[in-house]
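Colleague: Marked as active site by TrEMBL: Cys86. As annotated by TrEMBL, active site, proton donor applies to Cys86. If you look up TrEMBL, you'll see Cys220 marked as active site, proton acceptor. The substrate binding site annotation in TrEMBL covers Asn21, Asn77, Gly87, Asn88, Asn192, Glu210, Arg211, Gly221, Thr222.
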Amino acid sequence: MVCESRLDKGVAFHKMQGCGNDFVVIDNRALNVPREAMAEWARKVCRKCFGVGADGLIFLNAAPAGSGLDVVWDFYNADGSRAEMCGNGARCAAKLACLLGMAPERMTLGTDAGPVEAHVLDDGQVRVRLTEPKDLRTGLPLDVDGERLEVHFVNTGVPHAVVFSADVSLLDVKRLGRAIRTHEAFAPKGTNANFVTVKDQGRLMLRTYERGVEDETYACGTGACASAAIANALGLSGTDVDVTTTGGEVLGVSLEGGRIFLRGAAEVSFSGVLHTAAMGLDWPA
């Protein structure tokens with residue numbers, strides 16, 4: 001019968017959010033989606049209205065024996081680009097890995113940027129230690145869409161440009177963010193763009209234009225860490241900072257002897273089944 005034949009068994013998924021940064025997370029242990037197919041999955045699953053809609057797609061995989069890892073992820077942005085790291089995504093991945101019994105509360109997550117230590121706390125929040133920041137550069141004068149801006153840069157697992165403003169709420173983040181993201185100074189891969197207001201030594205306001213999402217997002221964990229690292233390097237903030245994101249949520253960033261820790265909420269919003277045929281995915285392959 002026609003109706004019986006068109007509803008496939010589907011693929012289980014979990015929709016998660018970390019301070020408004022949202023992800024579709026799939027347990028890939030039994031599913032075994034091959035890496036060469038993952039970019040297409042990300043584009044179609046993350047597409048709003050036609051898929052689930054999300055900032056990124058995460059596949060959780062069993063860690064190779066003897067690797068020293070508890071779980072390994074494959075992370076893709078909504079446009080299908082593979083990302084080395086995502087702070088809020090890492091917190092969501094760690095939370096679900098713990099809930100599914102894939103990893104203990106203290107775990108090591110394998111990412112393209114290197115191993116990331118994560119701890120699911122008693123209050124349900126997740127604290128991750130990011131890879132050490134690198135390529136820190138301050139005071140870069142750049143012409144950005146007709147404006148002269150002082151831009152700072154650091155890689156906190158992925159590249160981030162940081163611009164300070166007296167009031168980020170007044171900025172056209174989409175216009176400026178897109179221009180910085182594709183600026184020749186950050187060629188060929190581009191960068192994420194962060195706009196920051198320093199409230200005091202312990203508080204920052206942050207808006208982020210994310211590479212791969214190609215829009216402003218409600219939050220960005222690696223962007224919060226990059227902003228805190230740059231602010232501290234310039235003497236604008238201390239080593240423990242609360243970063244308020246576009247979505248109104250607060251991420252805690254701690255700088256400890258060259259190490260960066262990110263803390264915040266990570267929640268399973270809902271779970272369901274993807275009907276892959278309806279999304280144009282040829283699965284099972």
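A Cβ is built for glycine as well, from the same backbone N, Cα and C atoms used for every other residue.
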Colleague: Provide the number of Cβ atoms within 10 Å of the Cβ of Gly87 (substrate binding site), excluding the reference atom itself.
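Modeller: Looking across every protein chain shown, the total is 29.
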Colleague: Out of Asn192, Thr222, which of the binding-site residues has the smallest number of neighbouring Cβ atoms within 10 Å?
Modeller: Asn192
Colleague: Counting every protein chain present, what is the number of Cβ atoms, excluding its own, within 10 Å of the Cβ of Cys86 (active site)?
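Modeller: Cys86 (active site) is surrounded by 30 other Cβ atoms within 10 Å.
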Colleague: In Å, how large is the greatest distance between any two Cα atoms among Asn21, Asn77, Gly87, Asn88, Asn192, Glu210, Arg211, Gly221, Thr222, the listed binders of substrate?
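Modeller: It comes out at 15 Å between the most distant Cα atoms.
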Colleague: How many other Cβ atoms are found within 10 Å of the Cβ atom of Cys220 (active site, proton acceptor), counting all protein chains shown?
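Modeller: Summing over all protein chains shown, Cys220 (active site, proton acceptor) has 36 other Cβ atoms within 10 Å.
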Colleague: Can you tell me the CA-to-CA distance separating Cys220 (active site, proton acceptor) and Asn21 (substrate binding site), as a whole number of Å?
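Modeller: Taking the Cα atoms only, Cys220 (active site, proton acceptor) lies 7 Å from Asn21 (substrate binding site).
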Colleague: What's the CA-CA gap between Cys86 (active site) and Thr222 (substrate binding site) in angstrom, rounded?
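Modeller: The Cα atom of Cys86 (active site) is 6 Å away from the Cα atom of Thr222 (substrate binding site).
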Colleague: Fewest other Cβ atoms within 10 Å: which of the binding-site residues Asn21, Arg211 wins that one? Let me know.
Modeller: Arg211
Colleague: Within 8 Å of the Cβ centroid of the substrate site residues Asn21, Asn77, Gly87, Asn88, Asn192, Glu210, Arg211, Gly221, Thr222, which other residues of the same chain have their Cβ?
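Modeller: Result: Asp55, Gly56, Ala83, Cys86, Gly89, Val158, Thr208, Val213, Thr217, Cys220, Gly223.
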